[in-house]
Amino acid sequence: MGGKNKQRTKGNLRPSNSGRAAELLAKEQGTVPGFIGFGTSHSDLGYVPAVQGAEDIDSLVDSDFRMVLRKLSKKDVTTKLKAMQEFGIMCTERDTEAVKGVLPYWPRIFCKISLDHDRRVREATQQAFEKLILKVKKHLAPYLKSVMGYWLMAQCDTYPPAALAAKDAFEAAFPPSKQPEAIAFCKEEITTVLQDHLLKETPDTLSDPQTVPEEEREAKFHRVVTCSLLALKRLLCFLPNNELDSLEEKFKSLLSQNKFWKYGKHSVPQVRSAYFELVSALCQHVPQVMKEEAAKVSPSVLLSIDDSDPVVCPALWEAVLYTLTTIEDCWFHVNAKKSVFPKLMAMIREGGRGLAAVMYPYLLPFISKLPQSITEPKLDFFKNFLTSLVTGLSTERTKSSSSECSAVISAFFECLRFIMQQNLGEEEMVQMLINEQLIPFIDTVLKDSGLHHGPMFDHLADTLSSWEAKADAERDPGAVYNLENVLLSFWGRLSEICTEKIRQPEADVKSVLCVSSLVGVLQRPRSSLKLHRKKTAQVRFAINIPEAHKGDEKSMSSEGENSEGSDGGAQSPLSNTSSDLVSPLRKKPLEDLVCKLAEVSISFVNERKSEQHLQFLSTLLDSFSSVQVFNILLSDKQKNVVKAKPLEITKLAEKNPAVKFLYHKLIGWLNDSQKEDGGFLVDILYSALRCCDSGVERKEVLDDLTKEDLKWSSLLQVIEKACSSSDKHALVTPWLKGSILGEKLVALADCLCDKDLEATTSESHSSEQWSLLRLALSQHVKNDYLIGEVYVGRIIVKLHETLSKTKDLSEAANSDSSVSFVCDVVHSFFSSAGGGLLMPPSEDLLLTLFQLCAQSKERTHLPDFLICKLKNTLLSGVNLLVHQTASTYEQSTFLRLSVLWLKDQVQSSALDNTSLQVLLSAAGDLLGTLVESEDTSLLGVYIGSVMPSDSEWEKMRQALPVQWLHRPLLEGRLSLNYECFKTDFKEQDTKTLPNHLCTSSLLSKMILVAQKKKLVLEDNVLEKIIAELLYSLQWCEELDNAPSFLSGFCGILQKMNITYSNLSVLSETSSLLQLLFDRSRKNGTLWSLIIAKLILSRSISSDEVKPYYKRKESFFPLTEGSLHTIQSLCPFLSKEEKKEFSAQCIPAFLGWTKEDLCSINGAFGHLAIFNSCLQTRSIDDKQLLHGILKIITSWRKQHEDIFLFSCNLSEASPEVLGLNIEIMRFLSLFLKHCAYPLPLADSEWDFIMCSMLAWLETTSENQALYSVPLVQLFACVSFDLACDLCAFFDSITPDIVDNLPVNLISEWKEFFSKGIHSLLLPLLVNAIGENKDLSETSFQNAMLKPMCETLTYISKDQLLSHKLPARLVASQKTNLPEHLQTLLNTLTPLLLFRARPVQIAAYHMLCKLMPELPQHDQDNLRSYGDEEEEPALSPPAALMSLLSSQEELLENVLGCVPVGQIVTVKPLSEDFCYVLGYLLTWKLILTFFKAASSQLRALYSMYLRKTKSLNKLLYHLFRLMPENPTYGETAIEVSSKDPKTFFTEEVQLSIRETATLPYHIPHLACSVYHMTLKDLPAMVRLWWNSSEKRVFNIVDRFTSKYVSNVLSFQEISSVQTSTQLFNGMTVKARATTREVMATYTIEDIVIELIIQLPSNYPLGSITVESGKRIGVAVQQWRNWMLQLSTYLTHQNGSIMEGLALWKNNVDKRFEGVEDCMICFSVIHGFNYSLPKKACRTCKKKFHSACLYKWFTSSNKSTCPLCRETFF
């Protein structure tokens, strides 16, 4: 119903809310008794039957049913529909007794609602009725008469679903046998209801005119009338004859009413259609009644014969036929010649007005029922009738529809045959039919290309066959004579029109081919039985006639049977005979016609070279290939013997005119033909070959023609015709298999391949020659080659040679060469080969194809389109190979040789990424095809054959560069004590992939493809392949600064899904892990790292790992493999297992000799294991670690020379280096985990710190050896130890100090820390001076991270006491002392260094210096006095010079990006370093700015304004800051009131932490923006106000959303927590309202000011409001408020600083200093100076800056007050 106040869909009325009303009525039984009155007036008793009283109703009907029945009386469609559906459900669900209670009220409801306007309601009503019937069954009987009339109407509903539902309900109520009885039982009531609807009802009586629109009333009335007419027809069909008699009076009464007959002229087509259907039924079932009303029936039906409505037409014509049959004197009541026939002829002339398919099948029965009296003169009548039919065929509507055209043609021939049958002896009629109708009709169809010829030819052939059959079967000589005369006349006239068509010089091809088609159909007529059945099925007046009226049926159709029966009887024997047999009556005239047409055609060909006549001749000969016809085609001159030919051919030509014609005429035509569509000439050739007596003769002729006479194009067409027709193939099979054709094709292949390789341009007909080869190689039927097998092999060999030579040609040459044609030929050969065995040359060809597909374009020089062709050709060949029944790996040459070639490619050849990708793709395609092989072992054997042996794998692994070790060594995951590699990987940086990578990826690709077949490989081949791929992937992953082609290699594997996750599903993890453990225990190194990666990626627990090594003792004595295995397992072992491993090592630390200390099974190896366990914090026994420290200390005493203190490392052995590295690692880990709370003795601290400093000195003294990996590792570990010591002492707390030795802290600060940084700072400068362009990931710069991290702990004093060489720039303007300027000039350039650790270390060191620098400018501040017009002072020159260089770099990186579009900078890229350095430089400048005094800040800000550096920064920041600067982990926490953002959290500039690198630049950009807004608010405000609108909005929106609240809170907090005291002024702050209140008091004067921060602070203006004002004049008050507002808006500082400036200004005012009369302020708002420049005339003083502005803006040099010249 919709909402109570919603817009209604119709009527715009509010809903009736019928559901609620019905419920109320159901409840209030006392108020409304029963059903009386609801929905009607009190005079209408509603639904109450007369037999019951109102007081009994409530007890009989269920309350739910009452509510539903009330709903059904409502007008709303939706209410009724839902109520009816609910009623149906209740009928199904409720018990029978409850449903039976509804029956007394159902008839009236049903009768009303079954006529409802809405079709959905009507459908639902019938569906609900069916459910009611199924429930109550026979109890419906008492109420049947009340509903049957409407029920019958419902079955004729114009809405098919409603009608179907009513029929379903009727069938549910009565079985088919009982339905007539049920109808008969209610016939009187039905007739009464239907007659009332037809005669009494009007639109206004059926519907309420006041509530129902006129259109709806009319529609309902028309539907009711239609249903009533159809229901009457249904009643007539249902009732048996004996029941119909009792209704005759009823029908007479109906037919006597003029209103009934008016329905025949009704404006609604459905009503007329139903009317005519009822008339047909009345004629059929009550013919006597209709005869009595003949005067009304005949005009009503016959005068409507031109009704062209498609709805009415079928019913009308059925009524016409029934009227003619039932009412014999119907023509007495109409004027046929003036009224009926003119309308009929008009319809026919117009082609049935689009209804020919419906109307024309009735024409034959119609004319068969016409009495002779009304057709006189019959010659004119039938002539007019047939002429009208032919005219109708020419209408555009008929020609555009094949069904319409076919119907007209069919009707024409049916009527023609009938008229001929009825008037066979009448010469004049016969001549009219043949000469004036049939022949002109044929001529019309032949002339008009828009008509469909097929139906006409079929009907003509069928007509001739029927006449011939009748002539053969007829016993009356007169009848036979008449029929023969008809046929003779027909053939004579047909010959004339056909010859006339052919004789036209400009006859078009369609016209002449139409003639040949007609002759062909007459030669081989199609089955006429099908047409006959089709015709009889369309005579509808004989259908569905009950048994009682068989006599009527016979009388109605007897004439039709007589007219057509003889046809059918004569045709049946013809239809059973072969279609190729022609009647003798037809054979002679047809042959004469063919010969005559051939003669005419050949004359046109000879004289005018007419191509259309040649095509006609071809089609003619195809149907009539006889010697007589060929004899006609030869002129007298051409009947002599063929000369210059072999004797056999000459003899054959003498005997056979067809062969003679072939040589004299056809060969010349074939060779002269320039058109591609010359196939009709080849058809003539086949027609001539059919005339040869044997296959030998045909072979001789074709062999002779092949040698010299036939062109390649003609030869191609001959073979194509043979392949397209089995009959033609049978004619030429001996020739196709013969040697003449085979040798010629082999020679053709030689010619084509050699010619195209030598000269890339091909002749115009070469594509035809290639097509000929392709056709010859393709197989035909029964797996047999089209030509001889030996010739196929020879051609394949030649094609193979051609493909092999492609590598020697350029890409351009290959594009135009024969390779493309070869691919087409070979592809066709493979595709058509079926299941036949491949010959050896084919397998060699397959191998070459595979090699071309598996190599990159750089090697093959083939364009892309050729590669695609080659691939398709290869796959078709391999597909053929694997489906051979007897194909195995050993038998296949291709499979064996392809394996060898693949192994050679990946193990011996130099492959780059592109080559490998192509190879993998080709191998995958090949394996994908092999998967489909029926031989299950083939795939496994193939992969096993490609698999290298163990020794080959080992050789490839050893060939891999070992630079991968660098990262595991630095990270402490592996330990080595021998020299492993010498140089950076860059020296070996080529594009060639190592063979191991190629081999492992190839085999991985193979097993991925093979998984479709669930392959089981023997001897752990699958696990070995996966292990080798993991080895390759781990090698790539461990490489630092790997060449770009290796990342490309990994990308290729990802793209091809060659990943461990995809391969792991193919093998059990346990077997793979066991294999890896075995290899790790044996070899260590990369295999150990693979185990760690596998355990991590597969989330394998320590309990699952344990079975693989069983006993821990098995790892000892230590080898390199067992050491590396334990180191890799440590992160995944349980704490207890690590303790057990540690326990195995403890005894080994005691009693070592000097040599044993450095060996793997000595101190070095065991200490390495201990370090690995300690690194995972699994050893918490502090005493144990303290004991090991003491042992190491004892080594220092016993074997001092193994400690590399202050020595030359070039003399140290790798074993000693390795031991020192492990000792340093232990000391670092000891400091991190155990130094506190474990108290150490002074000697132990001395040992640690002195050793650290000595190792650092060694590192510093051996810079030349940093390229040696172990030396570099030694340096890194020594820096780590120094860094850990610095971190330890930096984070020390008072609690820890109490447990440390007394002088330890002072010793650290005074000696050790100073010693560390005095060594590292020069070392850093020297290291980066030699390698300016190396990134932090390179080998040489690996030590930068620990070195730089250590330098971040350097103190300011240590920096200032540096010993760096002087570095000064002559042009630099500076107030700094030389040693400080040197430090700046040395450290500042490091902000642009390529390595991030250096940039961050330089920032940290410079950041400690920045607060010291402004003081040096402060001391020289007087030199920047008031004399300058706009004084400006540069921040440190070194920083500004660097900033200038950085701005140029940033312009290149970000300049082209619009402001507001976020740029993502790739971590550690070159651009990353540029942006990082730029942002760090600005952080330093802002730190410097914040440390300066107010006066200095004014000078610095003026400098920044002049250089516009700040503007550039702000533009760049809005390209770098993220749209949502929220931390990732807090972005999800929506409930958090204050989520963490990049503005609330300080950026951590960590050197070692790399996990946050993607957020490094965005966070840093936000930090710089925050500092800029905080420290330079006035300058940012100025930039914002001057920016364009788009940028203005972006900045305002972003700042208001993310920054303003943070800054406002910080500003208010700084006021609240400020310790600054003002004499005479108090300051308070309110955080909630963002207000600051300042109260200034001096003597009796009180001034209170309220400062309000804007929502977009600091971009918006700060408002100053007045509070208390005591003792101050209004004007002065306003001036002071304006001054404060100006200070807060234009000064770059905090609110407290602005208030301090304002207070000083007021104080000076009270001290007697006058305001400057230009700015009306005592203290200048920008440079904080007092008014000093006095006018000599008026003695007023002004600020120097204000005067300068006055002079420049006014262009005068006068005093602003007295206007006298200012001196």
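Each position is counted from 1, following the chain as shown.
Just so you know, glycine gets a Cβ as well, placed from its N, Cα and C.
For 59-96, the entry in Swiss-Prot reads repeat 'HEAT 1', with the evidence type sequence analysis.
Packing against the repeat 'HEAT 2' (100-138) from elsewhere in the chain are residues 35, 47-49, 52, 60-62, 65, 69, 72-73, 77, 80-81, 84-85, 87-89, 91-92, 94, 146-147, 150-151, 153-154, 157, 159, 161-162, 165-166, 168-169, 172-173, 206-207, 212, 216, 219-220, 224: each is 6 or more residues past its ends and has a CB under 8 Å from a CB in it. Feature annotation from Swiss-Prot assigns repeat 'HEAT 2' to 100-138; the stated evidence is sequence analysis.
Sorting each residue of the repeat 'HEAT 3' (273-314) by its DSSP state yields 30 helix, 0 strand, 12 coil. Residues or ranges marked as repeat 'HEAT 3' by Swiss-Prot: 273-314.
As annotated by Swiss-Prot, repeat 'HEAT 5' applies to 380-418. The list of residues near the repeat 'HEAT 5' (380-418) in space but at least 6 beyond its ends in sequence, with Cβ under 8 angstroms from a Cβ of it, reads 341, 345, 348-354, 356-357, 360-361, 363-364, 367-368, 429, 432-433, 436-438, 440-441, 444-445, 448, 450-452, 455-456, 459-460, 462-463, 466, 531, 534-535, 563-564, 567.
Swiss-Prot lists 509-547 with the feature repeat 'HEAT 7', giving sequence analysis as the kind of evidence.
Here Swiss-Prot flags 550-583 as region 'Disordered'.
Feature annotation from Swiss-Prot assigns compositional bias 'Polar residues' to 572-581.
Annotation comment: Swiss-Prot describes 621-658 as repeat 'HEAT 8'.
Residues or ranges marked as repeat 'HEAT 9' in Swiss-Prot: 676-714. Panel annotation: around the repeat 'HEAT 9' (676-714), residues 614-615, 617-619, 621-622, 625-627, 630, 645-646, 648-649, 652, 656-659, 661-662, 666-667, 669-670, 720-721, 728, 731-735, 738, 740-741, 744, 748, 765, 768-769, 772 of the same chain, lying at least six beyond its termini, place a Cβ under 8 Å from a Cβ of the stretch.
Within the same chain, residues 964-965, 968, 973-974, 1020, 1022-1024, 1026-1027, 1030-1031, 1034-1035, 1037-1038, 1060-1061, 1115, 1119-1125, 1127-1129, 1131-1134, 1137 sit at least 6 positions outside the repeat 'HEAT 10' (1067-1104) and bring their C-beta atoms closer than 8 Å to a C-beta of that stretch. Residues annotated as repeat 'HEAT 10' in Swiss-Prot: 1067-1104.
If you look at the repeat 'HEAT 11' (1183-1226), the same-chain residues 6 or more away from its ends with a CB under 8 A from one of its CBs are 972, 975-979, 1142, 1146, 1149-1150, 1154, 1157-1159, 1163-1164, 1167-1168, 1170-1171, 1174, 1233-1234, 1238, 1240, 1243-1244, 1247, 1251-1252, 1254-1255, 1257-1258, 1261-1262, 1265, 1268, 1270-1271, 1273-1274, 1277-1278, 1280-1281. Taken from Swiss-Prot, the feature repeat 'HEAT 11' applies to 1183-1226, supported by sequence analysis.
The repeat 'HEAT 12' annotation in Swiss-Prot covers 1315-1353, and the record cites sequence analysis as its basis.
Residues in the repeat 'HEAT 13' (1378-1415) partition by DSSP class (helix H, G, I; strand E, B; coil) as 34 helix, 0 strand, 4 coil. If you look up Swiss-Prot, you'll see 1378-1415 marked as repeat 'HEAT 13', on the strength of sequence analysis.
For the repeat 'HEAT 14' (1476-1513), the model gives a mean pLDDT of 90. Residues or ranges marked as repeat 'HEAT 14' in Swiss-Prot: 1476-1513.
Per-class residue totals from DSSP over the zinc finger (1716-1763), listed helix then strand then coil: 11 helix, 7 strand, 30 coil. Residues or ranges marked as zinc finger by Swiss-Prot on the basis of sequence analysis: 1716-1763.
Below 8 angstroms of C-beta separation, residues 1324-1325, 1328, 1332-1336, 1341, 1344-1345, 1347-1349, 1351-1352, 1354-1356, 1359-1360, 1362, 1364-1369, 1372, 1436, 1438-1439, 1441-1442, 1445-1446, 1468, 1470, 1472-1474, 1476-1477, 1480-1481, 1483-1484, 1487-1488, 1491-1493, 1496, 1549-1551 of the same chain, each at least six residues beyond the ends of the repeat 'HEAT 13' (1378-1415), sit close to that stretch. Listed as Cβ neighbours of the repeat 'HEAT 14' (1476-1513) (distance under 8 Å, sequence separation of 6 or more from its ends, same chain) are residues 1391-1393, 1396, 1399-1400, 1402-1403, 1406-1407, 1410-1411, 1413-1414, 1417-1418, 1421, 1424, 1430-1436, 1439-1440, 1442-1443, 1446-1447, 1449-1451, 1520, 1549, 1560-1561, 1564-1565, 1567-1568, 1571-1572, 1575-1576, 1578-1580, 1582-1583, 1691-1693, 1697, 1701, 1726-1728.
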